[in-house]
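**Student:** Okay, so Swiss-Prot annotates it like this:
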type: DOMAIN; residues: 93-151; note: domain 'CBS 1'
type: DOMAIN; residues: 152-211; note: domain 'CBS 2'
type: BINDING; residues: 242, 292, 293, 294; note: NAD(+) binding site
type: BINDING; residues: 294, 296, 299, 462; note: K(+) binding site
type: BINDING; residues: 297, 334, 335, 336, 357, 358, 381, 382, 383, 384, 385, 408; note: IMP binding site
type: ACT_SITE; residues: 299; note: active site, thioimidate intermediate
type: ACT_SITE; residues: 398; note: active site, proton acceptor
């Protein structure tokens, strides 16, 4: 290696975005983006870490217009159940409807409602709808030995599969009902529309939804676990290969097999160089690249091994490869993004979306319980290469196959931050402000208009708050 061939692997604190002439107000900035066929209203994905993303985080992210990626440090059954929970959280037309027959007992109907947390059951004979029974019906049926046919509402109001949310709302209001069975022309039950789902759809107009109106969700997988990928396939919208170093022949070959055999869109990662991006996008039919190695706040890969690819450098390298080959592959910046300033720099360098771990850890929706220390509330946040995460064994191969006997992550505490909606709203507001300063109306313009400058250590110190003691530190 000759010293004159050294590359400058710059990171977020090495550069600054310069302000430009603008007519753009932050409130008018459009942050929509696409990852394959998945349209996002906000360009944010939650990281597949077991202290960041399970079903609660995924539901919240999708409702805000982002996307949650479920971690894989669990059994495949647990991961599937998380994905199912996201899909069930909202669905304009519920397809997998739980039903009863007229000859079932009221007690059986009551048990099903209690077990599944639902308030009504269509009544069918064969596949034909003959009635509907509600929680109110079973509540007032004092004799549990009565049959469903004795208390059900016969000939309920029904709609066809072409019904729209607006039409459903009007019908429910007119007839003062909360459930609308969806039937075919021959009267066979197709699905169910509930008032709750109509409400959620109207309350979250920018949510990330699939063709059936359900919330979208992704799941992390090992490229070597094709059985898990196949099991998850019916319940997720995208699979994300979850390895620290994707630019490995065994990993690439295993990922190609998943793409060929599973039939679900794939985001590949993590990568850190132009060459890795080039090989991934020319050899694999992927929709996105997860970019950055060793930059996460709880990742110690660079420290332990001396090998890393800082996220901003990696984004610039990967986006150059995507441009060269004119591929419709999204570049997703992953690691070291603590706030909207880092995200803005990533978009300027060519990112299409950002993946957040630390920025979302500690929120109410992040997995884990809160703890009180010194009068303040905290939550656990750990890297997937930390000893405690590796002890669960499901994600051990993220850092090699077979697993290396070294830890490449740490575990720590982060302050409890409350609802993730509030955290993301602030993040998005800061991001829009950055776009406004640059003069970019959208992500595409941010890539083309942003002027990036190197900044000295003194310059970085100057633009940070200085020469005063923050009030919160005095109160500490």
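Here the Cβ of each residue, glycine as well, is placed from N, Cα and C on the backbone.
Distances, neighbours, how buried they are, the whole picture for these features please.
**Tutor:** Look at the domain 'CBS 1' (93-151): DSSP puts its residues at 20 helix, 17 strand, 22 coil.
A sphere of 10 angstroms centred on the C-beta of residue 294 (NAD(+) binding site) encloses 25 other C-beta atoms.
In three-state terms derived from DSSP, residue 462 (K(+) binding site) belongs to a helical segment. Annotation for residue 462 (K(+) binding site): no spatial neighbours, criterion Cβ-Cβ under 8 Å with sequence separation of six or more.
Summarising the environment of residue 357 (IMP binding site), the number of other Cβ atoms within 10 Å of its Cβ, over all protein chains shown, is 26.
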**Student:** Work out, from DSSP, the number of helix, strand and coil residues along the domain 'CBS 2' (152-211).
**Tutor:** 20 helix, 16 strand, 24 coil
**Student:** Sequence order is fine: just name those binding-site residues in 335, 357, 381 with a Cα within 10 angstroms of residue 294 (NAD(+) binding site).
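**Tutor:** Matched binding-site residues: 335, sequence order.
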**Student:** Any idea what DSSP makes of residue 293 (NAD(+) binding site), helix, strand or coil?
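**Tutor:** The three-state answer is strand.
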**Student:** Using the alpha carbons only, what distance in Å do you get between residue 292 (NAD(+) binding site) and residue 335 (IMP binding site) once rounded?
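**Tutor:** Their Cα atoms are separated by 6 Å.
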**Student:** In Å, rounded, how far does the Cα of residue 335 (IMP binding site) sit from the Cα of residue 242 (NAD(+) binding site)?
**Tutor:** 13
**Student:** Within 10 Å of the Cβ of residue 381 (IMP binding site), how many other Cβ atoms can be counted across all chains shown?
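**Tutor:** I count 23 other Cβ atoms within 10 Å of it.
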